[in-house]
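Pulled from Swiss-Prot, these are the features on record:
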BINDING   Thr27, Gly28, Ser29, Ile30, Gly53, Lys54, Asn55, Asn140, Glu142, Gly221  NADPH binding site
BINDING   Lys141, Ser167, Glu168, Ser192, His215, Ser228, Asn233, Lys234, Glu237  1-deoxy-D-xylulose 5-phosphate binding site
BINDING   Asp166, Glu168, Glu237  Mn(2+) binding site
Amino acid sequence: MFTYITSLPSPEWEKSFPRTISILGSTGSIGTNALDVIKSHKELFHIVALGGGKNVQLLAKQAIQWKPDYLAVQDETSKEALIPLLPINYKPSIFVGQQGYVKLASLPEVTTVLSAQVGAAGLHGTVAAAKNGKVICLANKETLVLAGKLIKNLCLQSGAVILPVDSEHNAIFQALYTRNPKTVQNIILTASGGPFRNKKYEFLKNVTPEQAINHPNWKMGTKISVDSATMINKGLEIIEAHYLYGLPSEQIKIVVHPQSYVHSLVEFTDHSLMAHLGTADMRMPIAHCLAWPNYLNVGVEPFVLSKIGTLTFEEPDLDSFPCINLARDALVAGTSAQIILNAANEVAVDAFLKKQIGFMDIPILISKALEADSTPEPTTLESIEALDQQTRHTISQWIEVH
């Protein structure tokens, strides 16, 4: 039965503005879109902290514009490069590394944390936000893939709230949060099919990174663009959906919808469907979470049904895109398999982008890693991280002898 991962904010939250914001991953695709949303509604938000990894040039520009009290970067080298880029009369506290992001997520003056780092790097910051009772706008699906049970328990203990930023899960959330849980039959996640929809193995084995990151509908970072091309992003979203909505794998369906206008659907017990439609623009789900339960105009063109033409739907090609079923297998197998799946994928995608392996080597490496799994279920952040690092090391060694 559908059960949402956390409670929702109190009724007073609707009018609780300005909201104090910490953005983990401010220089990435989600982070820059979030700042664009906030720029359109400055009266509603106050940016307290920005974390920007190694992209110190962009982080410096953001810091000069928004003047947050706190910044975080990936390492000491990045900190040394950032300081000269800031005005002499602007002296924010600058934190470094993983613990820097933990600090940004734990600040007592922050009410809302946007978790927008890419991959497993977002785990520690999200865990810290969950421990400290924050409203978490979650754009980092890997956090739940790695530590869904842990995050859920921490949120229940602290009163933290998760609001999903992923367009598919944001659509499901909007359709479900006022519904009777007993009436939900299935949730249906839509997939564009990526740049290689309808392509077969003979084509896919020769695709280049440049082709893989050229998504037909969405503007995204390189890693998630490759995930879309292999369709493992849908697999990760199945696992994310399991933790967000408490549904088993068989009640989480995938349908390919090339136009990306229908962001997801809910099927009820009478077999009726509720769909969420809109323009493919990440500013909309970001704004929905930042301002929840309010809706903001963020400059997206009106969605006119009479102008969009035909909507088409088809089943995913599971033979050409085996990563979907690899993710389903990992969900059924448990936490250790989910950690291995994610770590193997991140290392394999990085190697593909560096042209060390081929596109179809990505699912092969993931499958090989899952087959080798004999690890007890990790229950702590430390054991989760240890398995993640162990898997990365193993996959990297395999790639070296590839």
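Counting starts with 1 at the first residue shown.
Backbone N, Cα and C define each Cβ position, glycine as well.
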Is any of the binding-site residues Asp166, Glu168, Glu237 within 10 Å of Glu142 (NADPH binding site) (Cα-Cα), and if so, which, in sequence order?
Glu237
Three-class DSSP secondary structure - Thr27 (NADPH binding site):
coil
What is the number of other Cβ atoms found within 10 Å of the Cβ of Ser29 (NADPH binding site)?
19
Cβ-centroid neighbourhood (8 Å) of the Mn(2+) site, Asp166, Glu168, Glu237 excluded:
Lys141, Pro164, Ser167, His169, Asn170, Ile172, Leu189, Asn233, Lys234, Glu240, Ala241, Ser264
Just to verify a number: CA distance, Asn233 (1-deoxy-D-xylulose 5-phosphate binding site) to Asp166 (Mn(2+) binding site), in angstrom, no decimals.
11
Could you check what DSSP calls Gly53 (NADPH binding site) once collapsed to helix, strand or coil?
coil
For a quick check of understanding: among the binding-site residues Thr27, Asn55, Asn233, which residue's Cβ has the most other Cβ atoms within 10 Å?
Asn233
Cα within 10 Å of Lys141 (1-deoxy-D-xylulose 5-phosphate binding site): which of the binding-site residues Thr27, Ser29, Gly53, Asn55, Asp166 qualify?
Asp166
Using a Cβ cut-off under 8 Å and a sequence separation of 6 or more, which residues in the same chain sit near Gly53 (NADPH binding site)?
Gly25, Thr27, Gly28, Leu59, Val73, Gln74, Ser78, Gln117, Ala121
Counting distance between Cα atoms, which of the binding-site residues Ser29, Asn55, Glu237 is nearest Asp166 (Mn(2+) binding site)?
Glu237
What kind of secondary structure is Glu168 (1-deoxy-D-xylulose 5-phosphate binding site) part of, going by DSSP in three states?
helix
Fill in the CA-CA distance, Asn55 (NADPH binding site) to Glu237 (1-deoxy-D-xylulose 5-phosphate binding site), as an integer in Å.
27
Take the C-alpha atoms of Ser29 (NADPH binding site) and Glu168 (1-deoxy-D-xylulose 5-phosphate binding site) and report the distance between them in angstrom, rounded.
17
